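What follows is one structure encoded as structure tokens, with my remarks underneath.
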């Protein structure tokens, strides 16, 4: 998937540059070149990773298929070397045409490879579980396995690495300017990213595919615990302080685009406390009490979509409640407290309803897995509901405490501003009285 996405970025950026008016090509060339460079590198690396997954350290590299893959890698690197050599000697239009030729050559080699399949030695055992879930059935969970097993989810891991690289780059950019970024925010971001990685690729993420109670633990981490840490790291504030602005008045720049998105009508709609609460808690009933849950769990891509929703809903909700980043809506702290109490009540009601259910909600998914451990599926479901209830209350209580602290600090700042205003008014009034006194004295002297 990453291979296809980065290839789409590469092709799209180059074609967009090609069809631009000539006066805009020069302006956009440097930024499009960066996109094309990183995308093409990602295409090569993911293609090599895919080939390595298929062939590994086997003799298959010396078969016809392996020879074609080796030829593709060598030709791709050769084309990149030629492109870097002629880059500075060509005009923008000629360079874009040359890069389109490069892409056509690489895609042609890939098309030839698609006509062949790796030569297989011996019979390959069909893994029904891997075909269904995307990974093989793990051994019975133990404390050490849940904490230390690791099954990398390529798409999630790639996204987390990319987000971490952007955050680090922002902090470094501030440091080079002589500005200080709070260490606590960086630590908070690291904790949040680590929790997301653990719940998607770590032992928790691994067992969340096969057991409802581990699924609920991962759900709570993805939607409640990790988002609080990430929101408190102020990523939007960091982006606004470090993203480039437009190079002239006609160019908005990435920072301008972010500001426009933050103040757009859709942003104002979804950051309304009621909207955030509906997405955060309302989606629980839409997911777990409809066939949607079994449909999403029955495929690797569906599980990715579900995890993405958990993360996005949690980030949105806690951004509205305890966020320190700019928000298009000013939500009073009392409203935030009411929303948190409502979220706690709705979550408790959902958990009780799930614990009281005497039928499986998975549509037969876990039964299809036919795991050798935790064979009582209904008990597993009830345990997951209880764990979800217990784990869900703690982050909301933490958010309540954080909201009260922010409320007290906000009132203290407002009191200081009021004192400064009153002192200014008093000083102006005293100056006015002194001026009147001087006028009276001068008139008496005359």
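Backbone N, Cα and C atoms are what each Cβ position is placed from, and that goes for glycine too.
Predicted automatically and left uncurated, TrEMBL annotations should be read as such.
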Matching range for TrEMBL feature annotation, transmembrane segment, among 248-268, 269-289: 269-289
6-27, 28-49 - the range that TrEMBL marks as transmembrane segment: 28-49
Same-chain residues near the transmembrane segment (269-289), Cβ under 8 Å, at least 6 residues beyond its ends: 223, 296, 306, 309, 313-314, 316-317, 319-321, 327-329, 331, 335-336, 339, 342-343, 346-347, 350, 353-354, 361
Candidates 155-175, 187-210, 216-240, 334-357; stretch with most C-beta pairs under 8 Å toward the transmembrane segment (301-322): 216-240
Dominant neighbour of the transmembrane segment (216-240) in 155-175, 187-210, 334-357, by Cβ pairs under 8 Å: 187-210
Tertiary contacts of the transmembrane segment (155-175), as residues 6+ beyond its ends and Cβ separation under 8 Å: 1-2, 181, 186, 189, 193, 196-197, 200-201, 205, 233, 235, 238-239, 241-242, 304, 307
